[in-house]
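Peer 1: Below are the features listed in TrEMBL for this protein:
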ACT_SITE  B:Asp96  active site, proton acceptor
ACT_SITE  B:Asp269  active site, nucleophile
BINDING   B:Asp96, B:Ser97, B:Gly98, B:Gly99, B:Tyr100, B:Asp150, B:Gln192, B:Gly219  substrate binding site
BINDING   B:Cys307, B:Cys309, B:Cys312, B:His338  Zn(2+) binding site
DOMAIN    B:18-368  domain 'tRNA-guanine(15) transglycosylase-like'
REGION    B:250-256  region 'RNA binding'
There are 2 protein chains.
Amino acid sequence: MSPSRLDFRLEARASGSRARAATFRTLHTTVRTPLFMPVGTQATVKAQLPESLHESGSQILLANTYHLLLRPGPEVFQKMGGIHPFMQWPGSVLTDSGGYQIFSLPHSRSMREEGAVFQSYVDGRRILLSPELSIETQMAIGSDIMMVLDQCIPSTADEKAARAALQITQRWAVRSLAARKDSPQSMFGIVQGALYPHLRQESAEGLMQLPFDGFAIGGLAVGEAKQEREDTCEVTAALLPEDRPRYLMGVGTPLDVLEAVHRGVDMFDCIIPTQVAKHGTAFTSRGMVQIRRTVHKFSDRPLDPACTCSACQKYSRAYLHHLVKTQEPLGWQLMGQHNIHFYHQLMREIRQSILEDCFLKLYEEKRQILQAEDLDFPVTQERPPVISPDHGHRIGDYELQLDPGKPARIVHVTSGKTVPTEADIHQWPQAAQLALHLRLPADQSPEEATPLIIWDLDLGAADSALAAILVYEEESSKGPVRPMHLVSLTEDVSALRLALSHKRYFAYLRHGAADTVLRRGHWKSRYREGLSWTLLQGPLAAIQAQAPGPAEMILGLPETISEPISTTASA
Amino acid sequence: MSPSRLDFRLEARASGSRARAATFRTLHTTVRTPLFMPVGTQATVKAQLPESLHESGSQILLANTYHLLLRPGPEVFQKMGGIHPFMQWPGSVLTDSGGYQIFSLPHSRSMREEGAVFQSYVDGRRILLSPELSIETQMAIGSDIMMVLDQCIPSTADEKAARAALQITQRWAVRSLAARKDSPQSMFGIVQGALYPHLRQESAEGLMQLPFDGFAIGGLAVGEAKQEREDTCEVTAALLPEDRPRYLMGVGTPLDVLEAVHRGVDMFDCIIPTQVAKHGTAFTSRGMVQIRRTVHKFSDRPLDPACTCSACQKYSRAYLHHLVKTQEPLGWQLMGQHNIHFYHQLMREIRQSILEDCFLKLYEEKRQILQAEDLDFPVTQERPPVISPDHGHRIGDYELQLDPGKPARIVHVTSGKTVPTEADIHQWPQAAQLALHLRLPADQSPEEATPLIIWDLDLGAADSALAAILVYEEESSKGPVRPMHLVSLTEDVSALRLALSHKRYFAYLRHGAADTVLRRGHWKSRYREGLSWTLLQGPLAAIQAQAPGPAEMILGLPETISEPISTTASA
Ligand SMILES: [Zn+2]
Ligand SMILES: [Zn+2]
């Protein structure tokens, strides 16, 4: 292979494990592996000062090309001399390529050989993210390590889709390298192939033909089972060259990281430490601590007596409990500071054990503690798993209620009422009426027909709206129907936001429309030409002028209306 | 007078001004005046590390007894040894008494001689906040300076109400002092009296009979004009003893503080520096800077080249612009850090000028710069004033906007839409239709007639509901009409609550129906037999079963409906 720009030096291999320790040199610093990279999506790690990250041992921060391309934009980095002076970060920076984010947008992008087209959430522009644009942006950002633009697919994709994705990723890898030109920045290729070992091999072999400075394992941590992830990680890491860093993207919990080091991975990034901090979860030497629990209210102990971070040096559990309960930003800051320090300390211990060739012993010890719940204050009743990308259990005036043995409920706190969270068209009272409205006049094609406009005045958790969409989908599968434009008018999207951030409890929300309409205000079906949904948010009196009309149906009106009504005609 | 526990030493008086410089000693530190106290409502100043506050020169932090009583509760402070070790704050702490917060709760408390009864927002408990409970809580918190429980009223209250408030404040002051027992903590009395100089005098003279360690000027910065505030401040400060600190509560902008120092005040607190930081406003030596403005997007200049705070030392305007635009917590932290530093630096300069007897010169210079907008990048179009010291300008997703020379507005923050806040029946489009519906069939008496049921689906700030009530009142004054039962169905009463808590700006709410319906869920006219209004709160799908029907009219439906619709009959 070509010489690495990173001057990668393998220092030690652990006996009885694939774990390894190495150093490499970026444009800014010397990096010791294995290492964890905190995520600074917007050129800032959530609620963390750069000096505190540096003190806790952060060596490389990960920044997101997708977000930084949209805001502040590459021109700002050009003007400011790159991300390092911009955010005053003395360490190294790795930028992802934007691929993962683009392919996570459910309905808002289109893919072609040239790149992926998506719409900016900042100003609505349509942008073609090509390998060339990704690399140009990463060059403007001035990261130490750039990632090729890859095509991400769910790890559970079928073989055909997985092969197509890795093949386009390979072609884009060639274009990415070409786009680097004479930049001294390093570049990593990304191995795809979902959960198919032979595809992983095909992908790795293709990429290893190219002069990359390191290799990433992509397409994991996106929905597969833990065992599948670990197996695929192990198989893939074993395919990669010894003399290049190996980076497992988006992984994971401290336990996941430990397992992946054991399987030969050197580098990791994940939002978990700062994300769970906001909800009051801490990783500690005594298991996972939920600082919101009342058991900590009066505790003058530090969060983790074995930790040397400044939050543990200075503050009591009682104070952190109070800050997290009152949702004070200082609480997120201190809890995040601790969690990041915990990851780095774990990586330092792992590295030391590899250098001293006692990794396996450490691995067995740490495995136990890293999967433990709070050892000092065990939780007796069953709880939902702690780590999840979920937001809190409360948004606005709505609360998620998880009672053991009962379906999850969303409750309007002030009134105590349960918000409907089903979209069963066989139960939905208006299904028949809607089917009638959708019928195409005999002499018209769908293109000629007047669109059916429906107003939804009780968005709630989008139960009626999704029922209407499902009815449309069913009717249109039987034959041509009128186009349908659903318009939800609401003051308060909290119930829907809450349901969407706990989607696993609400099967009807697996339909992607609600996600999109909430994020972008508009959703258009990719498969059914005539189907769209708009969300107008604001007081009804203020937004009504924007609503297309006239409406032929209104959803969410109390059912007790017994005679036709009109607001414009006098009685 | 009795000796002050604070060992207050007047060091200098400015020529041609009432400004003065002094020192005093709390249980923890020696304090130099004039000084500004950052507000740490929940035992933390929003997004600020205690060490950064200390470095920037914070001497005393203000903590809120009302909030800390409810959470974490006095027992936690007792266990942790008080607020200083709890929040790791090496400086001094002043606690307010909770009076201001209690009296700001619009409908949720009742007042009696013993104290104020209110309902906890944490657990719904009913709590009697008496002078004794306030002082006990402040003793548990362990502040250096405690405030007596006072009865706050609007500064624009009439004389009778103002006198009653100062008299009860005087009786509560005696009880507060007695409740202190043998605590070494200092205590300040609070002068009330609204805008009446003779009442301010009566209040001050009463309090000066009591062995207070300092005196506060209360009941200002709650809605009066700037000139009224300054006049009352001047009159009141002049009444107070020379040998005690004088504290103007809740004030204000840097300019307000300068003006009040000139009038003889020593101490100030305000949430402004951290509150405006979140929205991207900075006070600087070159006027007020709005960092969100695009003019700063590419700027490598510091926020304020004359400032020595670490945000200005380290970061560019371009980075702060980016952090604030992306709503990153680090942005609030750095902007807040700068603003607090700015206040402290101003106070240091003021103090120095008093000691050197050149205050008047500094006063004239600073007045100019402190009222200036951005001098380097002037804003050409008119903007609303940045500063609003009231806590109560935001409820839920609604904000009260007070632009000089314009009527007050309530704005739905997410959508930016203005909520209608008028109930003019001559402008109301549905007035004629309602009048028709109200007509009594020729052969019926009002008792025999079917009540007219109206659903109001867009409560907003009750503009349509009150218009309907006014139409009923007008029609019924002409002759017999049908009974009318108005039913508002809504998820979110925030806009109405906000309008009602600023009723002085919204004349149509002087009609008492809205107050009552919000508080009790139901209102029945005392003068018109047939008129009633019910408020059902919750998701429409959940509350509709409770709504009486059938409705003959619906208010708040978009006006674009052009044909009669029905939700139950099929089309
Ligand atoms: Zn720690
Ligand atoms: Zn500064």
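Going from the start of the chain as shown, residues are counted 1 onward.
Cβ coordinates come from backbone N, Cα and C, glycine included.
No curator has checked TrEMBL annotations; they are predicted automatically.
As the structure is a computational prediction, the values presented were derived from the model and not from experiment.
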Peer 1: For B:Cys307 (Zn(2+) binding site), what is the secondary structure state per DSSP, taken as helix, strand or coil?
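Peer 2: The residue in question, B:Cys307 (Zn(2+) binding site), is coil (DSSP, three-state).
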Peer 1: Using a 6 Å cut-off on Cβ distance, which of the binding-site residues B:Gly98, B:Asp150, B:Cys309 come close to any atom of ligand 1?
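Peer 2: By the Cβ criterion, which requires under 6 Å to ligand 1, there are no hits.
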Peer 1: Looking only at the region 'RNA binding' (B:250-256), report the model's average pLDDT.
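Peer 2: Mean model confidence (pLDDT) across the region 'RNA binding' (B:250-256) is 94.
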Peer 1: Within 10 angstroms of the C-beta of B:His338 (Zn(2+) binding site), what count of other C-beta atoms is obtained when all protein chains are considered?
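Peer 2: A count of 27.
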Peer 1: Counting only other Cβ atoms and using a 10 Å cut-off, which of the recorded positions B:Asp96, B:Asp150, B:Asp269 scores lowest?
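Peer 2: Across B:Asp96, B:Asp150, B:Asp269, these recorded positions, the one with fewest Cβ atoms within 10 Å is B:Asp269.
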Peer 1: I'd like to verify something. Among the recorded positions B:Asp96, B:Ser97, B:Gln192, B:Gly219, B:Asp269, which ones have a C-beta closer than 6 angstroms to some atom of ligand 2?
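Peer 2: The recorded positions passing the 6 Å Cβ test: none.
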Peer 1: Given a separation of at least six residues and a C-beta threshold under 8 Å, show me what packs close to B:Gly219 (substrate binding site) in the same chain.
Peer 2: B:Cys152, B:Ile153, B:Ser155, B:Ala165, B:Gln192, B:Gly193, B:Ala194
Peer 1: Name the residues of the same chain, 6+ apart in sequence, whose Cβ is under 8 Å from the Cβ of B:Cys307 (Zn(2+) binding site)?
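Peer 2: Result: B:Thr284, B:Ser285, B:His338, B:His341, B:Phe342, B:Gln345.
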Peer 1: For the recorded Zn(2+) site formed by B:Cys307, B:Cys309, B:Cys312, B:His338, name the remaining residues of the chain with Cβ within 8 Å of the site's Cβ center, in chain order.
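Peer 2: Near the Zn(2+) site, beyond B:Cys307, B:Cys309, B:Cys312, B:His338, sit B:Pro302, B:Leu303, B:Asp304, B:Thr308, B:Ser310, B:Ala311, B:Gln313, B:Gln337, B:His341, B:Phe342.
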Peer 1: How big is the substrate site in terms of the longest C-alpha to C-alpha distance among B:Asp96, B:Ser97, B:Gly98, B:Gly99, B:Tyr100, B:Asp150, B:Gln192, B:Gly219, in angstrom?
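Peer 2: Max span of the substrate binding residues, Cα based, is 15 Å.
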Peer 1: Could you tell me which of these binding-site residues, B:Ser97, B:Gln192, has the fewest other Cβ atoms within 10 Å of its Cβ?
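Peer 2: Output over binding-site residues B:Ser97, B:Gln192: least Cβ neighbours within 10 Å is B:Ser97.
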Peer 1: Name the secondary structure element type, per DSSP in three states, that contains the residue listed as 'active site, nucleophile'.
Peer 2: strand
